[in-house]
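Here is the structure we will look at, set down as structure tokens.
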Amino acid sequence: MRSPFYQHPSRMPWRATPFSAGLILISALVALLSDTGANRAFVTPLVMAPNVEFFMAEPWRLLTPALLHFSWPHWIFNALWMFAVGRLIEWRSAGVWVAVVLVSAAAGNLAQLVFGGTIWFGGLSGVVYGVLGYTALWDRLRSDVYAVPSVYLGLCLGFLAVGFTGLDRMLGMNLANFAHLGGLLGGLVVAIVHVGIERITRKKLWT
């Protein structure tokens, strides 16, 4: 089966993937208005809530850290991944795209809060890991729909592993490694649930 990945994303009109376009543009606008994190007055309402009481009062904080980027190279890196891979999911199913983005963002942000011990982090990297995890597991369990080159996932997993060695801090990068891991796990969970639902649906159609 021919993979959408090899039909280069640049050939897809943006109107075919409005959610991806919107997410990329909104995150760029947030980076601009926040001066890539320097404007604390703008950033503070968007960072993770430190406790349950905050979550109850301001539930958007579960997701909004994904929109924050603290450097333009960080934003460009994530935007390119969402352009190259994220749009493929939306091109096939906007509903699945929404599920992957929301679950991976929430899972990544919660993981970083609980295990990373800080509310000061941000970026779409957790969502990127979720997108890669979803496409990789879907192709393995269901069919070769996306066929994103395995080297891409390998590079990101290697980057994740390096982050947990502490080398990132030695290099002054201070990565949100738990957000990456949480996002990856979130994408894998969505793939498992999606495959399960599709199999149950198909079974009912044939019985």
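Cβ coordinates are placed from backbone N, Cα and C, and glycine is handled just like the others.
Curation plays no part in TrEMBL annotations; they are all automatic predictions.
Predicted, not measured: the structure shown is a model, and the values here were computed from it.
Database features, via TrEMBL:
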- 58-193: domain 'Peptidase S54 rhomboid' (DOMAIN)
- 64-84: transmembrane segment (TRANSMEM)
- 96-113: transmembrane segment (TRANSMEM)
- 119-138: transmembrane segment (TRANSMEM)
- 145-166: transmembrane segment (TRANSMEM)
- 178-197: transmembrane segment (TRANSMEM)
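Within the model, the domain 'Peptidase S54 rhomboid' (58-193) shows a mean pLDDT value of 93, rounded to a whole number. Nonlocal intrachain contacts for the transmembrane segment (178-197), taken as residues 6+ away from its ends with a CB within less than 8 angstroms of a stretch CB, comprise 65, 96, 99-100, 103-112, 114-116, 121, 123, 125-135, 137-138, 141-142, 159-160, 163. Proximity of distant same-chain residues to the transmembrane segment (96-113), defined by a Cβ-Cβ separation under 8 Å and at least 6 residues beyond the stretch ends, is recorded for 19-20, 23, 48, 50, 62-63, 65-66, 86, 89-90, 119, 121, 125-127, 129-131, 133-134, 176, 178-187, 189-190, 194. In the domain 'Peptidase S54 rhomboid' (58-193), the DSSP tally of helix, strand and coil residues is 105 helix, 0 strand, 31 coil.
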